Amino acid sequence: MQRSPLEKASVVSKLFFSWTRPVLKKGYRQRLELSDIYQIPSADSADNLSEKLEREWDRELASKKNPKLINALRRCFFWRFTFYGILLYLGEVTKAVQPLLLGRIIASYDPDNKTERSIAIYLGIGLCLLFIVRTLLLHPAIFGLHHIGMQMRIAMFSLIYKKTLKLSSRVLDKISIGQLVSLLSNNLNKFDEGLALAHFVWIAPLQVALLMGLIWELLQASAFCGLGFLIVLALFQAGLGRMMMKYRDQRAGKINERLVITSEMIENIQSVKAYCWEEAMEKMIENLRQTELKLTRKAAYVRYFNSSAFFFSGFFVVFLSVLPYALIKGIALRKIFTTISFCIVLRMAVTRQFPWAVQTWYDSLGAINKIQDFLQKQEYKTLEYNLTTTEVVMENVTAFWEEGFGELFEKVKQNNNNRKTSNGDDNLFFSNFSLLGTPVLKDINFKIERGQLLAVAGSTGAGKTSLLMMIMGELEPSEGKIKHSGRISFCSQFSWIMPGTIKENIIFGVSYDEYRYRSVIKACQLEEDISKFAEKDNIVLGEGGITLSGGQRARISLARAVYKDADLYLLDSPFGYLDVLTEKEIFESCVCKLMANKTRILVTSKMEHLKKADKILILHEGSSYFYGTFSELQNLRPDFSSKLMGYDSFDQFSSERRNSILTETLRRFSLEGDAPVSWTETKKQSFKQTGEFGEKRKNSILNSINSIRKFSIVQKTPLQMNGIEEDSDEPLERRLSLIPDSEQGEAILPRISVINTGPALQVRRRQSVLNMMTHSVNQGQSGHRKTTASTRKMSLAPQANLTELDIYSRRLSQETGLEISEEINEEDLKECFFDDMESIPAVTTWNTYLRYITLHKSLIFVLIWCLVIFLAEVAASLVLLWLLGNTRFQDKGNSTYSRNNSYAVIITNTSSYYVFYIYVGVADTLLALGFFRGLPLVHTLITVSKILHHKMLHSVLQAPMSTLNTLKAGGILNRFSKDIAILDDLLPLTIFDFIQLLLIVIGAIAVVSVLQPYIFLATVPVIAAFILLRAYFLQTSQQLKQLESAGRSPIFTHLVTSLKGLWTLRAFGRQPYFETLFHKALNLHTASWFLYLSTLRWFQMRIEMIFVIFFIAVTFISILTTGEGEGTVGIILTLAMNIMSTLQWAVNSSIDVDSLMRSVSRVFKFIDMPTEEGKPTKSTKAYKNGQLSKVMIIENSHVKKDDIWPSGGQMTIKDLTAKYVEGGNAILENISFSISPGQRVGLLGRTGSGKSTLLSAFLRLLNTEGEIQIDGVSWDSITLQQWRKAFGVIPQKVFIFTGTFRKNLDPYEQWSDQEIWKVADEVGLRSVIEQFPGKLDFVLVDGGCVLSHGHKQLMCLARSVLSKAKILLLDEPSAHLDPVTYQIIRRALKQAFADCTVILCEHRIEAMLECQQFLVIEENKVRQYDSIQKLLNEKSLFRQAISHSDRMKLFPHRNSSKYKSRPQIASLKEETEEEVQETRL
C-alpha cells in the first residue's frame, strides 16, 4: 500500500479533498489494485481505536455496577461529534436565511419600490456567498461524522472479536454464529453512514422553529396550515411505513422458504444432478417465488406511494400556507416565492431529516445495548497450573455443560433479589438443584504418569471430548479436582486449518526447529502430499483448507499438535478421515515412537490402540465404566465391546433409537395449540435418566422466574443466507433449540426462558458456536468432492449455516509464553482473504441497461409513457407560472394602496382568485399524472426481476459441474438472495426516484430557460460538466466499492475461522496473534472504505461547486437582464434554488442506480453460463431386444419398464480420463476395466487417490474423455439425463431438502403411496416414517435434522430403489454411522439390490469383504483389478491394510464350506471394533 497523501496535505487540500486526486486519476485510466489504496492514518488503525475504547470500557466496568457502553463511547468521541454537529447546524441555518435575501431581491423589482433596485446586485452577491458558505460547512461536517462513525464501528468490531476469544464454552453453547455475524454486520454498519443524520434530532426542531418564525412574519397564523399539513403527511408516511413493514415481515417468511430450498440446492448441486432433479427443484423454487412476488408487489406499491407523497406534497404545502392569508388580506408575489423557498426547506426537515434522525438514534442505541449485553457475558477462566507437576490426575470430577451449582445459586439469588420475592418463594432456590440435568461427566477418577498413553473410549455421546475439554479448562468442574502442568497441546476431532501456508499451520507461532519439523512431517505421513505442491509446504491454504482432502487436513492438524513441545498431548479421534493403512502407520510412527516419552490422552475405539495403551478409560453415559490396563479390561469387563460401541443388542438398540427420535420430534415440534407429548412418555426413551430428574425439572428455575415459552421449530432465517453454510449432517442433539432464535429487532441475546423439561437435557442445544466448532468442519472424505478441486477459488464468504447469535464478556490476561511477531506479510493476507476482482466492468455498461430494458417488452412502453406525462407536466407548469408571474390583480373599484406597502395586493374579491383555482386544478392534475406515471413503472420492473430470477435459476441448474466448481456456494447464493432482493426492493424504487428527480431538474431548467433564454446558455456547460464529472468519478468509486466489499469478507471469514478453532487457539495461546490478524483485516477494509468516503465527498463537493457557479450565473443574468416585474425574477431564482437542493439528490440517485445495476450485471453473468450437454453427441441407434428406442425423450414422468435399458447393469469402461475443469490436470488417467451384471466391486486406495472422483466421472459430473458403456449403450449416444437415470446414488453428503418425506423420496410425484410404502419396507424406513405425525406428509426441515445420519442414508437407498436403477454407486455410506445403523443399511443393500451392480467406495474392511472384485487406484491410475483372494496373495494395498487375523477369517469363508457360518460372526465382531467418528458433547 502507498503512503497516504493526506498526511502531508495542506488545510485547503483537506477542506476540498484534493488529496484524493491521484487515486481518482489512476482509477479512471486503469483498474485499481490493492496496492493502489492508501495506508490508513494511524488514528484510524484498529489497534489504536480498540485500545482506546477498551480502556474506557474497562474503566466503566471497574467503576459501576451497571456499566454503560455509551458512556465509554462518549468519552472517546463526544467532543469531535459535537464540533461537527455545530458545523452541520450552521450549514443548515444558511438554508433558512437564503429565502430572506430572495424575498428582498424580488421586492426590489416591484415598480413601486425602485429605491431598492440599486442594492439588488449586492443582495445577489450575498445570496451566492451563502451558498458558498453552506458548501464549505456541510461537506467537512458530513465527512467528519462519517469518519467518526467508521472509527466507532472499528473500535466495537475489535472489542467484540476480542470478547469472542474469551468466551466460556458454556456461553458458546448457547449462541450461534449467525447472531454474531448479524451483530457485526446489521447493527454496526448503522454507525458508518447513520451518524451523519444523528444531529438532526436537535437540528431539525431548531430549523423548524426558525423557519416558522420567518414564515409567521410573512403570513401570520396561516403559516401553521402548511406546517400542520406536513405533520399530517409525516404521520401518513409513518402509517404507510408500518403497513410496508407488515408486508415485508410476511414476505420475509416466504423469502426464507425460497432461500432455504435454494441454499440446499446449491450446497447439494452435485446430488441434484446425480438424481436428475433439476426440473423438480426449479418447479419447487418457482412456486415459492410466485407467492413471494405477490407480497413484494404490495410492499413496493406502499413504498411507492410513500415516496410519491413527498414529491407531490410541495404544491399543497405552499397552497395551504398562502391561501388563508390571501383570502383574508391578499398577497404579493414576493411573499409567494419566499414562502415557496421556506417550504422546500421546511418539508425536508419535517418529513425526512427528523424521522430519519429519530430512527438512527433508535437503531444505534439498540445496537449499543446489544453489544453492551454481549460484552458482559461470562468469560473463559484460565485455570491455575503447577508447571512442576509431571502426572495428570483427576479426582471425583463431575461437570455439566449447563451452569454449575455456584453459577445457578448466584443467578437465582440475584433474580430473587431483583424481584424482591417473599419468603414463600425461598424454596424456589433450594428445590431446584436437581434441575441441573444429567452431568456430562460423573465421578471421573484416573491418574497417569509422565510418558504414559491413556486411551479413552466410549459410545457416541459418552463424554470423551468433554473429558478433554475439562483438562483444557474449557469445561469447569462442578465437583472434584484436576491436576496437571498446564503445558498442553491439542488435536481436535474435526481438523481445523487457518488461512496461511502448511508450514504456518504446523508451526503455529512456536519457534522453528528444522529437525523437529521434518520429524513431525515424516511421522504424520505428510512428505508425499507436500512434495506434490509446487510451493511445497509454503502453499497458501484458504479458509478451512478447502483445497485439501479430509485426510490431509486431519494429518496437518495432528502435526500441529505434535510439533508443539508440551507435557500433555490431547488427541481427540485424530484418525477419523484416514484410510486404514495410513492410520496404522501414523499411530505406530507418531503416537507410539515419536511421542513415546510424552504423556498422551488419545480418544479412540480401535482395539489395536487399546492394546498398546498403558491405561484405558471407558466412558458410558458420562460415567467411568472401566479404568485400568487392557488385560484387566478383558478379565473384569467381558461385556466391554457393547459399552465401547454403545449398544447391548441389535434389535433392542434400534428400537430405542427410533422411539427416541419419535419422542424428541413430537416434543419439540408441538406448536401452539398442539398437545405436547406427556413427560411420562418421554421418561421411557433411550436417553437413560432417573425419573426424579425428569419430574423435578418440570419446575425448572428459569421457568419459574420467566414466562414459559411454547416450543417451536427452529427454521433458517434470512440471516442464514448471508454466506455461512454449515454441514447438514448435524445430529438431532444440536439441530433443535428450545430457545427461540432472536429476530431482527429483538434483543440479540434472548432471555433464557426455558430449561429443558424432558430427560434429554443435551438435546436442548441449538446450532450454537460450540456446535459449529465440533461439527461444522465435518469434512468427511472431504465434505463435498467439489470443494477439493484444486482449481476451486478460495472461499472468502463464511461457509457455515448462518442462523443467529448470543454471546461474550471481560478481558483475558495478555500474558503469553510465545513471542508473537507483529509483522504480517500483506501478500499472504491478500492471498488468504481476497477474491479475484469480479470480471464485470467497474461501471455498468450501456449494454446491461439496454438488455435490462428490453427484457420485458412492456418496459419500453412504460418509459415512453413516463416521458409523455413529463412533457404534459412541464407544459402545465409553464402555464401556471406564466399566470403567476405576469398577472396583476387589482380590482378597480376596491383597489387599496398604501404608501407604507411596497407591493401590489390581491384584493379580497372572488373574481380575482381564479389564479388559485387554476393553481389547485393544475396541482391535482400533476399529482394524478405523477401517480399514473410511476405505478406502472414499479410494477413492470418487479416483473423484470421475476424473469431474471427464473432465467438465472434455470441457468444454474443446467450449468456443468466444471463451471460450478469454480464458483463459491456462498457467491451463488448471494445472487439469489442479495442480488434478487436488490432487484425486487431497491432497484425499482431507486429508478423511480432517479427518473422523478431528473425530470424535476430538467423541468426546472426548461422553465427557467423559457423565461430567460440567456440562462439556457449557462445550463449547457453545466450539464456537460456534470456528465463528465460523473463518468470520471464513477470509474474509481465503483472499483473502490468492489475493493471495500472484497475487504469486508475476510473480517467475517476470520471471525468464523477463529471460532471454529477456538479450542486450538486457546490451547496454543495464540489469541494475541489472531487479534493482530483481525486488526490487519480490519485495516485493509478501512483503507478502501475511508478512501471511498473521501472520493465520494470530493465528488459531492465538486457537483455543488459547479452549481454554485451556475446559481451565480443565473442570479446575475436574471438581475441584470430583467426589467420591470418581480414575477420573472422570483420564478427564476426560486427554481434555481430548487435545482440546487434537488440536483445533489438526483446525482446520488444516479450513482445508486449504477451501483444497483451491477447486481443486474452479475445476474446476467450467471444467466450466460454454459449449459450441460443435454443431447447425445452421436446419432441414436436402435438396439437389440428393444433396449433403446431410436428416440428417447426424458420427461418428468418417465417410468422405467422392465424391458427398458438398462436391464442387466453390465459396465465397460475404456480409457476414462477425468478433470475438474477443462484444460486442468487429470484427476484420473486412462482408466479401463469392465463389470459384469450384478457384480459388486470395491474401490481401494489411499485418501485422495480419486475413488470418489471415479464415481463422479461415471455420472458425467466432471470433464471426461474416453467411453463408458452400460449394457452395450455408449454414454455418447443418449441424453445426459437418461444416462444418469441408470444409476442409483448414495453420496458422502446425504441430500435431504426442506419438504415432506414423500417429496424427498419422489420429487416428481410419479409413485403412489402404496409403492412408496413398499419401498420403505424394503429398506427398513417404514418404522421411522410411521412414528412422525403425518407420516409421508411430515415436513423435514433443516437438512432433515430430526433424522439420524443412518436414516438419511436409508432415504437415499429408497430413492435408488424407486428409480429402478440397475447400478448402485455408494460413496462412504458408513461414514459417521454407528455400527447398528450400518448393519441396517447392509441388510437393506442385500435385500433391495440383490440383482444390481454395486460399486462401493468404503474404508470399513468388513464392508469390502462382500465384494467379488476390487479396483485398486494409485496415483490417478488403476494399479490392480482382481478378486480378494488374488489381492491377499500378492503384495497389494489391500493386503497391507488388512490384519492377519482378518485374513485368517476370510479364507475359510471363501474356500471352505466348513466355515460357512464364521464370516457373519467374524464380520460382526470386526464391526464392534470400528470407531464411530462422531462425538457429541
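Residue numbering: from 1, along the chain as shown.
Backbone N, Cα and C atoms are what each Cβ position is placed from, and that goes for glycine too.
Among the candidates N48, N386, N801, N900, the residue that Swiss-Prot annotates as N-linked glycosylation site is N900. Of the candidates N894, N1455, Swiss-Prot records N-linked glycosylation site for N894; the remaining residues carry no such annotation there, which does not rule it out for them. For the annotation N-linked glycosylation site, the record in Swiss-Prot points to N909 among the listed residues N113, N597, N909. Other Cβ atoms within 10 Å of the Cβ of R1246 (ATP 2 binding site), summed over all protein chains shown, number 21.
The list of residues near the topological domain 'Extracellular' (217-222) in space but at least 6 beyond its ends in sequence, with Cβ under 8 angstroms from a Cβ of it, reads 103, 321-325, 328, 335, 338-339, 342. The stretches the transmembrane segment (123-146) and the transmembrane segment (991-1011) do not meet in space: the count of Cβ pairs below 8 angstroms, excluding pairs fewer than 6 apart in sequence, stays at fewer than three. The recorded sites C524, C1396 differ in how many other CB atoms lie within 10 Å of their CB, and the one with the most is C524. The Cβ neighbour count for Y1220 (ATP 2 binding site), using a 10 Å radius over every protein chain in view, is 24.
Using DSSP to sort the residues of the topological domain 'Cytoplasmic' (244-298) gives these counts of helix, strand and coil: 51 helix, 0 strand, 4 coil. Of the listed binding-site residues, namely G1248, G1250, S1252, the sparsest CB environment within 10 A is found at G1248. Tertiary proximity for the transmembrane segment (223-243) is limited to same-chain residues at least six positions away from its ends with a CB under 8 Å from its CB atoms, namely 208, 212, 215-216, 302-303, 305-306, 309-310, 313, 316-318, 320-321, 323-324, 339, 343, 346-347, 350-351, 354-355.
Broken down with DSSP, the topological domain 'Cytoplasmic' (1035-1095) shows 58 helix, 0 strand, 3 coil. Counting residues 6+ beyond its ends, the transmembrane segment (196-216) has Cβ neighbours under 8 Å at 84-85, 88-89, 92-93, 95-96, 99-100, 142, 145-146, 149, 223-224, 226-227, 321, 339, 342-343, 345-346, 349-350, 353-354, 356-358, 360-361, 364 in the same chain.
Among the listed stretches 299-319, 340-358, 991-1011, 1014-1034, the one sharing the most Cβ pairs under 8 Å with the transmembrane segment (78-98) is 340-358. Helix first, then strand, then coil: DSSP counts for the topological domain 'Extracellular' (217-222) stand at 6 helix, 0 strand, 0 coil.
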